[in-house]
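Report on the structure given below.
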Number of protein chains: 2
Amino acid sequence: MKYGIVMFPSKKLQDLANSYRKRYDPHYALIPPHLTLKAAFELSDGEIEEYSEKLKQIAKNHQPVRLTISKVSSFQPVNNTIYFKVEPTLELQELHKNLAETLPHSETEYAFVPHITIGQKLSSDEHSDVYGQLRMLGINHEEVLDRFHLLYQLDNDSWTVYETYHLGKE
Amino acid sequence: MKYGIVMFPSKKLQDLANSYRKRYDPHYALIPPHLTLKAAFELSDGEIEEYSEKLKQIAKNHQPVRLTISKVSSFQPVNNTIYFKVEPTLELQELHKNLAETLPHSETEYAFVPHITIGQKLSSDEHSDVYGQLRMLGINHEEVLDRFHLLYQLDNDSWTVYETYHLGKE
């Protein structure tokens, strides 16, 4: 089964992200707005409890993380994903690294650029238009995230939550 | 904020439910297939941690529950929701009752009929057609559910998971 690890920001930030995703992100209906800590990876049914236990330990060893967003950015020219750029604090980097070390298939293709996607799979022209507008947005958001979730993917590509892990808690 | 409590069945059963929901349920994109333990209720930001602690206690006091499905049914004439009928075992009834007693706004409108919705908000004719076909389905499914989730609703009516609670665990 395919699993992934994400953090959901506050309802307020999810609502804001959705106001763009609705128009610009074909994954809008598949998963709520999120920050990906570990992209899709395969685990067999027999492995899941062992890994879940490891995730619990990792969560315990990290404190809640500050989420700071000050601008809209894009992955161009790599791809045309537009996102809320999340400040890559040491806390987030360490959490990501710890998860990557522990979980399988962690030959990470890209460096970790924490972000919350608000648009993707746009045509080149759409990307220029939309990014041109959104990069002008004044966004200045800060909150603290105290948990992350392990999700699995259904046949229709949507995601269901399997487990919640609390940062810094028993 | 609006909260709800649900159990997600196995991926296998969610995929099966989605194969119908895709066509017959306008909530298809808003939440994965689920069994509702407590329908939408309001909690303020200040109340959530207190209630989450109560839910943790309730979960600890119940054992994992058996989910048995042997037919497709409908709420007609009350409404035209079509669903996988879940056997109302004592374990499920007790869990539902315990949650209803503990959470606010528990003047339950209906008796607890555990179910997994596969179609709703159909026209009268659609309902007759679809229900006529689906009630003939041979369905015979059994599994054990060991957790439930607390979700909150976003402005676009979709649901995000806030917390996972384990039945019978610390």
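From the backbone N, Cα and C atoms, a Cβ is placed for every residue, glycine too.
A TrEMBL annotation is a machine prediction, not a hand-curated record.
Looking at B:30-33, B:34-37, B:158-161, the stretch flagged in TrEMBL as motif 'HXTX 1' turns out to be B:34-37.
When TrEMBL is compared with the stretches B:7-10, B:67-70, B:99-102, B:115-118, the one noted as motif 'HXTX 2' is B:115-118. Across the structure, B:H115 (active site, proton acceptor) and B:H34 (active site, proton donor) place their CA atoms 8 angstrom apart.
Tertiary neighbourhood of the motif 'HXTX 2' (B:115-118): same-chain residues 9, 13, 17, 20-21, 24-25, 27, 33-36, 69, 72-73, 81-86, 134, selected by CB-CB distance under 8 Å and a gap of 6+ residues from either end. DSSP assigns B:H34 (active site, proton donor) to coil in the three-state reduction, placing it in neither a helix nor a strand. Residues belonging to the motif 'HXTX 2' (B:115-118) score a mean pLDDT of 98 in the model. Long-range Cβ neighbours of B:H34 (active site, proton donor) (same chain, at least 6 residues apart, Cβ-Cβ under 8 Å): B:V6, B:M7, B:F8, B:P9, B:I116. B:H115 (active site, proton acceptor) carries a strand DSSP state (E or B).
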